[in-house]
Amino acid sequence: MVQKSGMSRGPYPPSQEIPMEVFDPSPQGKYSKRKGRFKRSDGSTSSDTTSNSFVRQGSAESYTSRPSDSDVSLEEDREALRKEAERQALAQLEKAKTKPVAFAVRTNVGYNPSPGDEVPVQGVAITFEPKDFLHIKEKYNNDWWIGRLVKEGCEVGFIPSPVKLDSLRLLQEQTLRQNRLSSSKSGDNSSSSLGDVVTGTRRPTPPASAKQKQKSTEHVPPYDVVPSMRPIILVGPSLKGYEVTDMMQKALFDFLKHRFDGRISITRVTADISLAKRSVLNNPSKHIIIERSNTRSSLAEVQSEIERIFELARTLQLVALDADTINHPAQLSKTSLAPIIVYIKITSPKVLQRLIKSRGKSQSKHLNVQIAASEKLAQCPPEMFDIILDENQLEDACEHLAEYLEAYWKATHPPSSTPPNPLLNRTMATAALAASPAPVSNLQGPYLASGDQPLDRATGEHASVHEYPGELGQPPGLYPSNHPLGRAGTLRALSRQDTFDADTPGSRNSAYTEPGDSCVDMETDPSEGPGPGDPAGGGTPPARQGSWEDEEDYEEEMTDNRNRGRNKARYCAEGGGPVLGRNKNELEGWGQGVYTR
C-alpha cells in the first residue's frame, strides 16, 4: 500500500522507464561536480588547463611548421658548401687523370657504391669485384682514394680506402646482428630455445678448424699492394733447366722482345721468389726457419728481387721474368707479385716424350721427371693460369700471347693519361747512360743509381695496406720520407744490368738479345738423324739437337686440342675482337722464323 502510494506520487507513470535525467537533472551537473574535485587554488580546473594547453600546442605547431628566414638561409648555405666541395672534388679528379700511378692494389673484397656511402661526387665511385686490380693515383681524404679499375675503357674515380671499407663492413655486420636479434624475439624462436632448455639439449659448437677459418677470414685486408704492372712468368711445358722447356720459352722471349720493343723489360731472376710469401716476410719468427733450411736463396736475396720487380713495374712497362725456380703457379699464389702466368701446354704426353728423346741421351735420362712435371701442370684448373698456349705453331702461340698483352697494355694505359711517365723516362735514360757491363754471373749484386740507398725492407714486406693501421688512409708513395714505402726516390732505377738488352753468352739471358740464336733456327743434329718430318740437317753444332717439326706422326692425337676456345682477356672491354684461328700443322711453327713478316 505504501509502495503503491509512493509510486503514484511520482511524476511519471509506472509503465514508463525512469530516464537518467531524474538522477542528473542538468547535463552539466555531473561534470560540474567532478570539476569541483580537481579545482586548483586559482579557481581553474584541470580540464580548463588541458583544453588551453591543446590550443597553445596547436598554435605552436602551426607556427613552427612555417620555416623561418634563418632556417632557409642555413639550408642554402649548406647546399652551397656541398656544391663547392663537389666542384673541388671534380677538379681534383680531372687533374688526377694525368698523374702517374702511385701504387697498385689487388682487391680481396668487392664494392658496389650506394647513396649512403657519402661519395665526394655521387655517381663517380668505382665498382669492383674481388681479385680485381686498381691503379691508385692519389689520396683524396682518409675515406677515399682517387684511382681507376685496370680495365679498358675505365676512367678515374673515387675508391674507398681500407678505413672506409672497414667502417662499411662494421655497419653491415651491426645491421645483420640487429636483424638476427629481432628475428630471435619471435614466438617460434623463443619456444624452440625454451624447448632446448627444458629437454637439456645443447646446440653443437662449431669445430676448432671452422672457428680458425672464420677468424682468418675476418682479418683479411681489403687490399694487397702489388706491382703496378703484373709481371709475366712462363711455365711449362715441363721443368725449367731442361732443353725442351728452355727452348720453347726462349722462343717466346725472343718474340716478346721484338714485338714489344721499347715497351717491355725482360729480366732473369735466379733467386727463389716463391719464398716471398706475405706470411713469411711479415713474420720475423719464420725468417730463422727459412735461413736454416737448405734453400738456394736467402731471404735478403729474395727481398732484393721482389724490390727490384716492384721498381721495374713502376715505369708502367711490361715486365717479363725469366724465373729459374718457378715451375708451377701455386709457387707464387701467396706472394705479392700477382703475376700473369703463361702456360705453354703440350697436351699429348707422347709428343712431349718424342721431343725430349730428340734432344739426346742427356735429356732422355730425365724423361720421367719432365713427364711428371708436365702432368702436374696439366692437372691444374684453368683458373690458375691467365693464358694457356696450346697452339701447334709458334706463330699462333705468339699472336695469342700478344693479343692478351696488347689488351693489358691498353687497360693499364688509358687514353686520358697521355703525358709520358717520368719514371719511364728516367729509367730509359739511366739504361742508355750505363756502360756496357760485364756478364752478370750473380744477379743479386746491387747496382744502385747515383745517390740511391738500399731499402731496409723489401716491398714484399708491406704487401698489405692493412698492415699500417695508423696510416690506412694514406697510400704507399704518399708516405713521409722516413717511411719504407715513401722512399720513391731511394728505390733503384735499374738495379740489374741484365734488364735491358743483357747479353750473357751461354746463358738463358742470350734469348733476349740474339734472335738469330733462337730455337727457331735450330736444326737436327746429324748424329741423331732427321726425324719423320725434319728437314735435311747437317752442319749444326751438337748442342742444337732436334726440331719440333718431327712430330707429324702424332697429328691425330693433337686434333682434339685444336678446337680449344681461348679465354677472353680479362682486360678487354665488352665485345672484344675476334680470336685468331689455329693452324693444323702440329708444332711446325715452333721451328720456323716468326719475324719475317
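Yeah, the Cβs are placed from backbone N, Cα and C, and that goes for glycine too.
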Of the residues Ser65, Ser364, Ser547, the one that Swiss-Prot lists under phosphoserine: Ser547
Annotated residue, phosphoserine, per Swiss-Prot; candidates Ser182, Ser186, Ser510: Ser186
Record feature phosphothreonine (Swiss-Prot), assigned residue among Thr199, Thr295, Thr499: Thr499
